[in-house]
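Asker: OK, Swiss-Prot features for this one:
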type	residues	note
ACT_SITE	His99	active site
ACT_SITE	Asp102	active site
BINDING	Glu230, Glu266, Asp294, Asp337	Mg(2+) 1 binding site
BINDING	Glu266, His269, Asp305, Asp307	Mg(2+) 2 binding site
Amino acid sequence: MTYFKQIEKINYEGVQSGNRFAFRHYNPEEVVLGKSMKEHLRFAVAYWHTMTQDGSDPFGAATNVRDVSGKTEMELARNRVEMFFEILEKLGVEYFCFHDVDIAPEGNSLQEFMRNLDEITDLIQDKMKQTGIKLLWNTANLFTHPRFLNGAASTNNADVYAFSAAQIKKGLDISKKLGGKNYVFWGGREGYESLLNTDMEFEQANMARMYKMAIRYANEIEHEVQFLIEPKPKEPTKHQYDFDAATTMAFLQKYGLENDFKLNLEANHATLAGHTFEHELNVARTYNALGSIDANQGDLLLGWDTDEFPTNIYDTTLTMYEILQNGGIAPGGINFDAKVRRTSFEMEDLLLAHIAGMDTYARGLKAAAKLTEDHFFDKIKEERYRSFKKGIGARILDNQEDFKSLTEYALAHDSIQNESSHIEYVKSRLNDYLV
């Protein structure tokens, strides 16, 4: 069955195109800094928002019109796979991501859930072979079912801990089966609502124990996969242990996991943590831990995870600049963890929204490439820190100074002159690259 009969494959037509179903900026084969756009951007579509989100919210019923159905839950799951791969092919996107519960019903037992996953991943595997589309990452949903109300790896219930381990094990089996290059952990319920009844050290140690089991199991089945943790400060849990990039790196370092994990960073999660997305990316780069990103944007006027499609060129420019400075994002990618607005309820909006996001990231890439070629930020930073290039500054960096010698220097040079940062000019010049 064809779900988008009236829509042809989305092609690049240029900025003058009036065709809604065409890329105006994303030209997959266009070479930027020696690589094609599709190599730089490594776009992926998220199964959950694309196939299971229905447009409902806490105040209103579902609005999304989706021409996919089934007489049983499994028939619906199979039909969703067909529709999903049609979307990927229409967009020319080469990667996808999913949670286990996105693709198959849980049934009445863990055993039934695993059988359902086997059947659906057989179908997905066939579609991957037919299309050449690849799995960017998968993960286990350890937050929706009521059993996870007190967490999965951080739970106070040993039976829940065992169930969670079984679900992760199956996720890694599926990752190997489908050739996944990354596996994600997002701890939506790994945290606390009150410290009054929480042993934080115990819970975090159990989380680390679970991660180490995952590493060992991946080695046992000879599956080379990049493990990723996705930070988020809150929602659904009041305080989540993977609050932001820096907090997550502190956790990984404490438990000796920093060489086994990188970060999957999401723009809207950065907003909730009180950071810009480029801040989180820069922190991850500092730790050599930038693994993959979830592309979306939040609303600064709202206090929750709105998961909007990215349309802000300023943000995507600074995002792509960090990725270029990182030497790229592979084997990770740019996954659109974004959902259409409740008012964008038609089937075609799924394609239009992804086109908007892909075009916005393409514009960000081109602007970031120009910033890189011009050494725009490099020159500014070189000038700003030039006092450390010679004299006392150079000696400090060479570890030739100590408190005594620096005190002697300060006493002899106590008339200090600072220089203006001219930051308004810098921001204005940055705008020149965003055309």
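Yeah, the Cβs are placed from backbone N, Cα and C, and that goes for glycine too.
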Asker: Provide, as an integer number of angstrom, the distance between the C-alpha atoms of Asp305 (Mg(2+) 2 binding site) and Glu230 (Mg(2+) 1 binding site).
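Answerer: So the Cα of Glu230 (Mg(2+) 1 binding site) lies 14 Å away from that of Asp305 (Mg(2+) 2 binding site).
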Asker: Taking the recorded Mg(2+) 1 site as Glu230, Glu266, Asp294, Asp337, identify the other residues of that chain whose CB atom sits within 8 Å of the mean position of the site's CB atoms, giving them in sequence order.
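Answerer: Output for this site, in sequence order: Trp186, Asn264, Leu265, Ala267, Asn268, His269, Ile293, Asn296, Asn335.
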Asker: Using Cα-Cα distances with a 10 Å cut-off, which of the recorded positions His99, Asp102, Glu230 are near Asp307 (Mg(2+) 2 binding site)?
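Answerer: Passing the 10 Å Cα cut: none.
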Asker: Between C-alpha atoms, which of these binding-site residues comes nearest to Asp102 (active site): Glu230, Glu266, Asp337?
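Answerer: Nearest listed residue in space: Asp337.
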Asker: For the recorded Mg(2+) 2 site formed by Glu266, His269, Asp305, Asp307, which further same-chain residues have Cβ atoms within 8 Å of the site's Cβ center?
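Answerer: The answer, listed by sequence position, is Lys232, Ala267, Asn268, Thr271, Leu272, Asp294, Asn296, Gly298, Thr306, Asp337.
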Asker: How many whole Å apart are the CA atoms of His269 (Mg(2+) 2 binding site) and Asp337 (Mg(2+) 1 binding site)?
Answerer: 11
Asker: Measure from the CA atom of His99 (active site) to the CA atom of Glu230 (Mg(2+) 1 binding site) and give the result in Å, rounded to a whole number.
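Answerer: Distance between the two Cα atoms comes out at 13 Å.
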Asker: Within 10 angstroms of the C-beta of Asp294 (Mg(2+) 1 binding site), what count of other C-beta atoms is obtained when all protein chains are considered?
Answerer: 23
Asker: Counting other Cβ atoms within 10 Å of each residue's Cβ, which of the recorded positions His99, His269 comes out lowest?
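Answerer: Among the recorded positions His99, His269, the lowest count of other Cβ atoms within 10 Å belongs to His99.
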